[in-house]
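Accompanying notes for the structure given below.
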Amino acid sequence: MTLTSQWDVMSYISKLMAPLTTLRRIFPILWASSRKWALISAGLMVLEIIFGLVMLFLLKYLVDVVTTMLGSDASTDDIQLVLWAVAVTGLCSLVFLAARGFSGLARETQGLLVAERIDSAIHDRAVRADLAYYESPRYFDTLQRARQSGSQRPVQVVNNLMLLVKNTLMLAAIVAVLATINWMLLPLLVMAIVPALLVRLGFTRKLYDWELRRTQMERRAGYLDWLLTSDINAKELRLNQLGDFLRDRYAELKALIRRERLAISRQRTIVEVGVATVATAAFFSALGYLAWETSVGRNSVGDLVLFLLVFQRAQSMGQELVFQLSRLYEDHLYIGLLFEFLDVRPVISEPILPKPLPTRMNDGVCFENVGFLYPGTTREVLRSIDLTIRPGQIVALVGANGSGKTSLIKLLCRLYDPTSGRIILDGVDVREYSLDDYRSKFSVIFQDYGKYADTVRNNIRYGDIHQPLDTPMVEEASIRSGADSFIQSLDKGYDTPLTRMFDEGRELSIGQWQKVALARAFMHQSEILILDEPTSALDPGAEFDLFANFRERIDHRAALVISHRLSTVRMADYIYVLDDGEIREAGTHDELIHQGGMYFALFSQQAYYYREVEA
Ligand SMILES: Nc1ncnc2c1ncn2[C@@H]1O[C@H](COP(=O)(O)OP(=O)(O)OP(=O)(O)O)[C@@H](O)[C@H]1O
């Protein structure tokens with residue numbers, strides 16, 4: 001054997017064994033989900049197998065007894081024996097049916113429990129995945145495939161495996177019965193089963209490969225469907241008359257997916273009809289052969305009756321076997337996708353031996369020559385950043401769109417790690433602290449803050465979910481953010497459900513949502529508040545109120561504020577001006593104005609219109 005052919009054989013064997021690897025990972029999940037139901041399910045399946053086999057042999061026994069009685073005068077004992085055999089077969093059939101019924105119920109129960117466990121594992125992975133993962137199309141592809149693979153699959157695999165064992169045993173018994181009639185029938189049985197198996201396996205793989213390729217197409221169609229039906233873009237859709245355009249794009253995509261899928265199904269149907277023709281030819285050849293053998297006296301009429309009883313049963317059992325094997329193969333392929341998702345490990349990881357985080361920071365957080373580029377990109381969005389936030393200090397970050405302000409915040413909260421340089425807290429690289437502990441030092445309001453379909457109270461309490469539902473901190477935080485007055489005016493006050501997603505939900509104005517989000521940030525007693533454009537939707541009065549006594553509002557904690565409104569920024573203790581990923585200027589408001597650089601130019605631009613009014 002040449003080296004290549006040896007390699008081919010090895011890779012073929014490893015492909016055949018691959019479903020076993022899947023099984024090795026599935027059993028612990030089943031066991032952990034519900035031991036009781038796993039055992040009940042297996043027990044009932046064993047009963048089903050035993051009684052199925054017993055029934056088959058009783059059937060053969062009956063035919064044998066009746067055949068020997070043919071032509072001879074049957075005694076009362078003989079008739080009693082037949083009646084007993086019929087009664088016992090009937091009883092076995094009852095037990096078999098009961099076992100099959102209850103085993104279906106057990107499988108359903110087990111299936112639901114396992115599905116819950118798998119869903120929980122998917123959610124766990126999704127929550128722990130790096131932000132970088134969410135920001136790439138690969139994440140959505142893998143997630144979609146994991147979902148597509150379905151949480152029911154693991155149970156399905158085990159059920160299929162059990163059915164496979166059951167049907168193999170039954171088929172073996174039938175083959176034994178057929179062999180006793182005439183061994184020449186066996187090759188015909190193989191002809192009726194094996195081609196169907198090969199065709200099924202081939203098309204399962206083909207469909208799977210196609211489904212992988214069309215994941216993004218399906219996601220794009222899903223996205224268009226969401227655009228057409230969600231409330232988020234309903235206004236623009238109507239005013240820009242985008243509805244028909246998007247609907248046509250959706251229909252085109254779906255038609256393309258349909259055409260591709262049907263092309264495979266057409267191919268499969270044609271081949272399967274061919275295979276079924278072979279199987280039917282095999283059956284009738286066997287029947288013809290046995291009829292001939294019976295007519296010349298080499299087989300009995302009883303043999304012919306038994307053949308008619310069991311050959312078609314063997315054929316349908318063989319078909320089931322083919323179906324189960326192909327399902328097992330398909331499950332193995334799709335479960336691979338589920339495991340691909342579950343195996344995603346975050347890059348932002350916990351240190352093995354985390355350093356204790358100081359309860360109160362002394363020196364503050366410090367960026368030291370930090371550089372950063374997003375994974376999968378080639379352009380550094382932050383370069384040589386040196387920046388410090390001391391305890392109790394209010395720091396402002398100013399810069400044009402796309403200069404890197406939000407990216408800097410993501411690094412500060414360890415949603416990403418720097419690609420060069422380091423961030424330290426009280427002299428220790430932040431990668432050495434426990435991730436959750438470190439992140440609990442911050443409370444953040446991002447530009448795209450969350451709007452939860454829950455009560456106002458919970459929308460605020462989500463800032464510190466460890467607090468009890470009736471904590472007075474919710475009201476305190478809303479007073480600080482300026483949200484309290486409008487919340488009090490709502491019909492159900494803090495218990496008003498928000499968003500129109502569910503019954504009785506109320507929608508808020510954008511500015512009101514922003515006040516709620518601010519309250520959420522204030523809720524958490526963290527040491528550093530990070531506010532990314534916190535007042536972009538607030539009216540001037542509300543903005544003025546917020547910043548008039550900002551230090552008291554934030555309880556003398558440190559804050560990093562990003563704002564394009566320099567009237568807001570001037571209250572900061574220290575200001576950094578970011579330009580194209582680099583810090584160009586840093587200092588107090590007065591120092592920067594005095595310098596007459598970028599900050600001065602920006603400030604003068606904004607002040608121009610006010611001065612005009614004053615003049
Ligand atoms: N997830 C991402 N993957 C790749 N590049 C990104 C990602 N997010 C932002 N960028 C790029 O990083 C650069 C800085 O973006 P960033 O959001 O930090 O700017 P910003 O200063 O906060 O802007 P704005 O004032 O508009 O909010 C931009 O060029 C942007 O295209």
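Cβ coordinates come from backbone N, Cα and C, glycine included.
Per TrEMBL, the feature domain 'ABC transmembrane type-1' maps to 39-330.
Taken from TrEMBL, the feature domain 'ABC transporter' applies to 365-605.
Annotated transmembrane segment per TrEMBL: 37-59 (among others), in sequence order.
Sequence annotations record features per position, and here TrEMBL assigns transmembrane segment to 79-99 (among others). Same-chain neighbours of the transmembrane segment (79-99): 44-45, 47-48, 51-52, 54-55, 58-59, 61-62, 65-66, 69, counting only residues six or more beyond its ends whose CB sits under 8 Å from a CB of the stretch.
The feature transmembrane segment is assigned by TrEMBL to 157-178 (among others). If you look at the transmembrane segment (157-178), the same-chain residues 6 or more away from its ends with a CB under 8 A from one of its CBs are 22-23, 26-27, 30, 41-42, 45, 48-49, 52-53, 56-57, 60, 107, 111, 185-186, 189, 306-307, 310-311, 313-314, 317-318, 320-321, 324-325, 327-328, 331-332, 335.
Same-chain neighbours of the transmembrane segment (184-203): 175, 178, 264, 267-268, 271-272, 275-276, 278-279, 281-283, 285-286, 289-290, 307, 311, 314-315, 318-319, 321-323, 325-326, 329, counting only residues six or more beyond its ends whose CB sits under 8 Å from a CB of the stretch. According to TrEMBL, the feature transmembrane segment maps to 184-203 (among others).
Summarising the annotation, TrEMBL assigns transmembrane segment to 269-292 (among others). Long-range neighbours of the transmembrane segment (269-292) within the same chain, counting only residues 6 or more positions beyond its ends whose Cβ lies under 8 Å from a Cβ of the stretch, are 181-182, 184-185, 188-189, 191-193, 195-196, 199, 203, 299, 303-304, 307-308, 311-312, 315.
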Chain residues outside the transmembrane segment (37-59) and at least six past its termini with a C-beta under 8 angstroms from it:
30-31, 85, 88-89, 92-93, 95-96, 99-100, 102-103, 106-107, 109-110, 113, 158-159, 162-163, 165-166, 169-170, 173-174, 177, 309-310
